[in-house]
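Record features, source TrEMBL:
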type	residues	note
DOMAIN	80-424	domain 'PDEase'
BINDING	HIS157, ASN158, PHE159, GLU160, HIS161, ASP222, ASP330, GLN381	AMP binding site
ACT_SITE	HIS157	active site, proton donor
BINDING	HIS161, HIS221, ASP222, ASP330	Zn(2+) 1 binding site
BINDING	ASP222	Zn(2+) 2 binding site
Amino acid sequence: MCSAILECHQPTLPLPASPRHWRRRSADVGGLHLATANNGQGQGWMGGDPVEIETTFAELLSDMHTETLNSVNENSLNSPPPDVPDSVRSRLIHSLDRWHFEPHNLPDEEAIACSLILFEALFRVEGMKEAVPLSMQQISAFIHHLRQIYRLENTYHNFEHALDVLQATQSYLKSAKMVPPPDILLQPNQTWKPKPFNRGSLVSCLGLREMFILYIAAIGHDVGHPGFSNRFMENANTPLSLVFSHKSALEQMHCQLLLTVMKHHGLGVLLDDPLHGNHLKKILLQTVLATDMGVHNDFMIRLKQVADGEAGSICMRQIIICQAILKNADISNPTRPYQVSRHWAKALMQEWTAQALLEEEFQLQQTVMSSDDPLKEAESQIFFISTFAKPLLQLTEKVVPELSMYGNVCKQNLKTWTRIKAEL
């Protein structure tokens, strides 16, 4: 446990000298409204007639707070849908145990069921139920609520991506012998004995509460994502970006939505605990914030220092390993089997194309590519793997050697994309 005070991520911008004008259209919709329109499905994100408004910074804060509450209060799910049939459940359990996992091919109810299966398997770890006093009913309501806030229109930053990241997180911990495989659920009442605590091993310094919080961070790390990047939000001078001083605006929004939905369903009891609460909240927030690729280089420096043997507090080490696992999971697509990896590459390209078209319409700086050219797709993947995914995974392998199998797939995909580029 860490006794450090939770760092404050609240904005520190001064109040503007005079009201600013914004046009309520497209990405500029008043902060968190993007996550709450139409019962949380986001269909109102691009709609609405342009209306000139005047607002001060203080009003922006108020608006964001109100819309965050709306995202909770508009939860229309009175009771979770019925469980999937046993035959479907068994199929999903087996699919979750494979690295060739394709959540984008699942109907909505099965994607939600997969998320719950992963949490249910986590609760087979001995001592987890005592450390995390929550019921699967609470977790089910929480997951269903998050699903409502993830935008259906996003081709990449959607609930299927969140499930993909959760399954990757679980796979990494499973490879490190920290959590059981999902098929433990096929054996009634079977439990899993966790690795003993080891402060000398980065992954083995995680306790039961920390692993649960890491799962929460994984499934909620992109909740309410508008389908546009932080750079777009900054260039468009959206209220969301202004409120957070252009610093990880999307990730800070994800954190606030995640905290609010957690409290709505009773998961806040973990964060309010007088002994562990501040520590767990710090892990949750700093882990989600680390998924901003704008701070990637700074994180790589910190991780290298730890990999090179720098000693540190248990709190710091737990934060670093949680950040490393979630960051790898968040960009794990290039390490999946090629056909799975290519799906996500195309999905991201579609989302970028939508952003590029909007940037062109509003005469903003172009920040992403807009193309379905196979050559540019291959070049983009080669650049991303070489610059981000492969170096991060290789550095993480130094502190968690059990992850080497994922690095092998990543190297093979890089060879495949390089061959495709040469052929084109």
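Here the Cβ of each residue, glycine as well, is placed from N, Cα and C on the backbone.
Distribution of TrEMBL features across the structure.
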residue: HIS157; record: AMP binding site; contacts (Cβ under 8 Å, 6+ apart): ARG151, ASP222, HIS225, GLY227, GLU351
residue: ASN158; record: AMP binding site; contacts (Cβ under 8 Å, 6+ apart): TYR150, ARG151, LEU152, HIS225
residue: PHE159; record: AMP binding site; contacts (Cβ under 8 Å, 6+ apart): ASP108, ALA111, LEU146, ARG147, TYR150
residue: GLU160; record: AMP binding site; contacts (Cβ under 8 Å, 6+ apart): PRO103, HIS104, LEU106, ALA111
residue: HIS161; record: AMP binding site; contacts (Cβ under 8 Å, 6+ apart): PRO103, ASN154, ASP222, TRP344
residue: HIS221; record: Zn(2+) 1 binding site; contacts (Cβ under 8 Å, 6+ apart): ALA162, VAL165, GLU251, HIS254, LEU258, THR287, VAL288, THR291, LEU326, ASP330
residue: GLN381; record: AMP binding site; contacts (Cβ under 8 Å, 6+ apart): PRO334, SER341, ALA345, ASN413, TRP417
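Of all the binding-site residues given, namely ASP222, ASP330, the one with the smallest number of surrounding CB atoms inside 10 A is ASP330. For the Zn(2+) 1 site, the Cβ centre of HIS161, HIS221, ASP222, ASP330 serves as reference, and the other residues of the chain with Cβ at most 8 Å from it are HIS157, ALA162, VAL165, ALA218, HIS225, THR291.
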